[in-house]
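Below: one structure, written as structure tokens.
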Amino acid sequence: MDWRTIISVILLVSLRVTKALPRTSQDIEEKTSIGQRFSQLQENNFKAIALILFAQYVPGGTFGRAAAMAEGVTALARRCAAVPSDSPGCLKPLDKIFLDTICQEENLPQSADCCAKRDPERNDCFLSLRNSSQGFSSPLERPDAEAACRNHSQHGQPLTGHFIYEVSRRHPFLYAPAILSVALRYEEMMQNCCGNAEGPSHHVEECFQRQAPKVVKPVREDALRQEHTCGILKKFGERTLKALKLAQISQKFPLADFVTVHKLVVAVADMHKDCCRGDALGCVRHREEILHYVCSSQHVLSSRMQQCCEKPLLQRSECILNMHNDDKPAGLSPLVREFIEDKGVCDRFAQEKDMHLARFLYEYSRRHPEFSAQMLLRIGKGYEDLLRECCRPGAPSGCLSRGEEELRKHIYETESVMRTSCDIYKEKGDYYFQNELLMSFTKKMPQLTSAELIKFTKEMTTIGSKCCQLGQDKLLPCAEEHLDLVLGQICRRHLADPINPGVCRCCSSSYAFRRPCIGKLEMDESYVPLALTPGLFAFHGDLCTSEEEKLQHRKQEMLITLLKYKPQISPEQLGSVTAAFAAMRERCCREASPEACFLKEGPELIKRSEKMLSA
């Protein structure tokens, strides 16, 4: 069956599952053979997911080899499903079957070292090779519209499979269901834009320019979120991930009871464990089971769920994730005083530990949709610390009552930080707000490259434009949860190539407190400033460009270099140097030969700036 048909079938398929969620992925994994998984997912799903898995595990391979491996594994699964078999090949664990298939192939890029290891180290080795830095490029960034449509009409059958392969290898952390969803959007775009390919070519080009971002943007966003989730699980463990999901699910479904929410949290965390360790088949299976459970429990969870649950499976997940939080029950007090004032609190904490803390987080989260999930985790940690201090023998009476005051203080501080940042953004606008961030983060993390600093601060600036226009009830969730994604990228960058001890402390000590910790970082005292070499500050004719975006980028690169050269520069000194540079640029850009002017004036500016900086 061709790849286009596979995608069409996946859109409509509905798996036969029970309403009960699985106990744990390990329970399921130990009992599910490749034949059973094949029967559960059906051949078309199995084959598409196998292609995704091989593309993600061997991103430097080719489509032909990945497709051949997917066909081979699918043929084995089909044989094992057809007749109950005691064949060792059918009884092997799924991850072993896939890795054995890879390791039987000759000359696959980077696979030899991993294949020399024993399981489970072999799987860990392949997972460590995943690199999301390639990003998503051709064929959608700047597609040749006519060539794309010609390809689609001539090679429509394998083209969608090739697209799945390209997305998978470029986004090795993107979950299989998300890849299948974007393949559907890609197929729709090709049909919409190429359907009238006989018309003027500029119409096809315009169609691609209009529709391609709708395909590419969700890929990037989903991949970032899923890599972020796997990063949290890897660095901070299952307990932190469950707490995060508990806060988020309690906010989304405030009408649901604690038992239902907790069951869902365990299942979602369990799904992420499968997805993050590379079990694409288990990942899909768990996701389907969760969706069926959620839709069969609409009456308990949310009245808004119906419109999502009526959609085909692949669209259902995206709909639920994007669904607005349900309205919280009427009459809920903003505080949960029973967790402070009840005389049996310490006994319950001693007996139930994490379950008692989970009930507190559930009750507080469902009452406060205006708080970010990260802030709710900090509140939960504050409550845990309070119990540990006040429930110990000899603790003073009234110890627990001070918790309310500490809570008010933390809420005020968090809201003040966000309001202040938004005030600065509204006053300065995108470019100058980003420059403020560049000055702050270059001092905190001077080891980052100029490209990295500009990228991260650009993303933070985009958060300002997106969130600062919202009301107070939406500001915190929008700002801190998007900022958390950027800080996650910085921390994964630190994990790959350590930045400095301050960043290490913030990225390692606590997920919930990562944002406040990085916010409080000051200048890195361990950093050795750049030496003043002849090529450190180079002024060329490109400073006279009329393209404002390119000029701003060039200025930001020079600002970063200046800060790395003089990290302790004062605002007054920076203002003086900036004014001198602006005057030189204006003079030279009026000259017939700006390059010759910069060659003469540049060294003079550096000398004058040195005097200003040493004053």
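Each residue, glycine too, has its Cβ placed from N, Cα and C.
Remember, TrEMBL labels are computer predictions, not curated facts.
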TrEMBL annotation: C275 disulfide-bonded to which of C283, C295?
C283
C207, C230, C309, C319: which one closes the disulfide with C276 in TrEMBL?
C230
Do you know which of C504, C588, C589, C597 TrEMBL records in a disulfide with C544?
C589
C589 (disulfide bond) sits from C80 (disulfide bond) (Cα to Cα, rounded, in Å) at a distance of 74
In whole Å, note down how far the CA of C468 (disulfide bond) lies from the CA of C207 (disulfide bond).
32
Neighbours of C588 (disulfide bond) among the disulfide-bonded residues C422, C478, C544 (Cα to Cα, within 10 Å):
C544
Going by Cα-Cα distance, which of the disulfide-bonded residues (C125, C276, C283, C544) sits nearest to C491 (disulfide bond)?
C276
Quick one: average pLDDT across the domain 'Albumin' (410-607), no decimals.
94
If you measure from the Cα of C308 (disulfide bond), which of the disulfide-bonded residues C125, C422, C468, C478 is the nearest?
C478
C230 (disulfide bond) sits from D279 (Ca(2+) binding site) (Cα to Cα, rounded, in Å) at a distance of 13
